[in-house]
Amino acid sequence: MSAVATENNNENANDQTNGNDVYPLALLMDELKHDDISNRVEAMKKLDTIALALGPERTRDELIPFLTEVAQDDEDEVFAVLADELGNFVPYVGGPEHATILLPALEILASTEETLVRDKAVASLNNIACELSEQQILNDFIPLIEHLAGADWFSSKVSACGLFKSVIVRIKDDILRKNLLALYLQLVQDDTPMVKRAAAKNLPTLIDLLRQNPDLSNDVDWDFISNMFQKIINDSQDSVKFLAVDCLIAILKFFNTKNDDVHFKDLLTSAVKLSTDEAWRVRYMAADKFDTLASQFAGNNEYLTELLPPFLGLCEDNESDVRKAIANEIPGFAKLFKDHQPNVILTKILPAVQNLSMDENEIVRAALALKVTNLVELMSKEEAIENLLPILLNMLKDEFPDVRLNIIANLKVVNDVIGIDLLSDSLLPAITELANDINWRVRMAIIEYIPILAEHLGVQFFNQQLSDLCLSWLWDPVFSIREAAVKNLRRLTEIFGPEWCRNEIISRLLKSDSQLLENFIYRFTLLSALTALIPVVSEETVTEQILPFVKHLADDAVPNIRFNVAKSYAVIIEVLSSNKEQYDEVINGSILPSLKSLCDDSDVDVRYFSNQSLEKCNKLLNITN
């Protein structure tokens, strides 16, 4: 009798469990039909939970058909989440052998007009394609691509362009690959600019895949790709034509991998054509990638020489964006001439640099300043002093702060080759002017560069020329500057060492004008600076110089000062606790009594932070209450 009762109880428990599983599932399915879009979006984000509850078979039979219906009638926000989720759904439908059941819903989503939804659908389709077998690719995925590419509406064709990369190198049959490339060529020639742009944008990826699988491609493939490239470079739409630059680079890389330079003369002609195109967007793209483009012709002096006129033309372009882009490419392009035609750098490239350094547009000058110092590595010390140094000196006097900042930030290479002495006369006024700029963000930027300069210039130069400046920032009216100045002193100590800090920084800080310290902000800043230096100076410096000043402020009239003293005590104890026997008298006779006194302070904040610090100190010293 009891056995029967037990069995009945188990059955009831199982029914209850199944009911509990079905209820939240039914609730989520209802939410996918909810009127409120935010509910539907949240429900879509829980699709993996639904699928796990259903299991693979019911997911395939019930959930996926339902989602396919949803994909045809809902809002873009819901579609975007659905498209994203389906890309990770292969394990939930029973593995790769059942993955093709996901394709119909994603094909619908890939045909929507909303770009975000299409992009997510294409990404998910590419993820799924990686898990499909060759047979599934042939029977299901390629027909999907063909269907999208043959659709009437542009959105389907745009999505099709992004799917070829998943199958192009997995197809071993030459005829089938030829048919796919012919289909892609149709997309390149489509009447709609959006489709042509998508095809041109994805073409470099296809070429790179063929480059990585050189045994796979044949001459017929390259006839198609050549035709595609010619269609793109000769397109009437600027928004399509400028994408030819990336295509050209991909083609050049392919032939360089194969050590085949038969087509290079024609490809050079294309490079020159793009660099001198009448449309500024095309020239901009050529300028932006000029170093990468030119480096594909490295080793062929004749071809590199032919690229000089278009390069110089871009340096003098009417559009400031083009000049800005080419300014970033100058050192990389110049480097190609270093070994075989070094005179080109001095006679052709540096005059162009000189003109750009005086460009009417400050953004162009700032872009040049970021990279121009790298030219010093491409010439001898004497040549750099004679030809490049005057340009750098002039840019250090530029009226636009970003130009001066960018030069200063990249002086290391100049220092390595010609030394900093020749720049010092212009460098110091530039730094001083930036340090006193009316814009506090400019002052902040130069503070951040000071440690970099300190490493390059050395301690002697720093002590003579920049030390006073670094200390003056501690008294800046802007808190962020004072805070940055404190951090700056710590970084400088890490560079120059604790002994330097003791003699050059701490001793001078402790001699600060007493009238200045009547302002509590200055007392607070000085306390912050000394506290920040505690971990990077010697224990002797802490006990002999820093601690007396900190203890003196324990009786300060301002509560903010007193509770920061409590925080400083904790930092001091942390340093001294490693040798607590040696500093027992200092810790127990001076610091802890003062800290305990602050714990009884009249101000609630002082008591709070003091108790926190005391607790931390006790832990460090292994003192139990």
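Just so it is clear, glycine is given a Cβ too, placed from its N, Cα and C backbone atoms.
TrEMBL annotations: computationally assigned, not manually curated.
Per TrEMBL, the features are:
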type: DOMAIN; residues: 509-615; note: domain 'Phosphatase 2A Regulatory Subunit A helical'
type: REPEAT; residues: 63-100; note: repeat 'HEAT'
type: REPEAT; residues: 102-140; note: repeat 'HEAT'
type: REPEAT; residues: 180-218; note: repeat 'HEAT'
type: REPEAT; residues: 307-341; note: repeat 'HEAT'
type: REPEAT; residues: 349-387; note: repeat 'HEAT'
type: REPEAT; residues: 388-426; note: repeat 'HEAT'
type: REPEAT; residues: 427-465; note: repeat 'HEAT'
type: REPEAT; residues: 546-584; note: repeat 'HEAT'
type: REPEAT; residues: 591-625; note: repeat 'HEAT'
Contact set, same chain, for the repeat 'HEAT' (388-426): CB under 8 Å, 6 or more residues outside the stretch: 350, 353-354, 357-358, 362, 365-366, 368-377, 379, 381, 433-434, 437, 439, 442, 445-446, 449, 452-453, 455-457, 461, 465
Can you tell me which of 102-140, 180-218, 591-625 gets the most C-beta pairs within less than 8 Å of the repeat 'HEAT' (546-584)? 591-625
Within the repeat 'HEAT' (63-100), residues counted as helix, strand or coil by DSSP: 28 helix, 0 strand, 10 coil
In the repeat 'HEAT' (349-387), how many residues does DSSP assign to helix, to strand and to coil? 33 helix, 0 strand, 6 coil
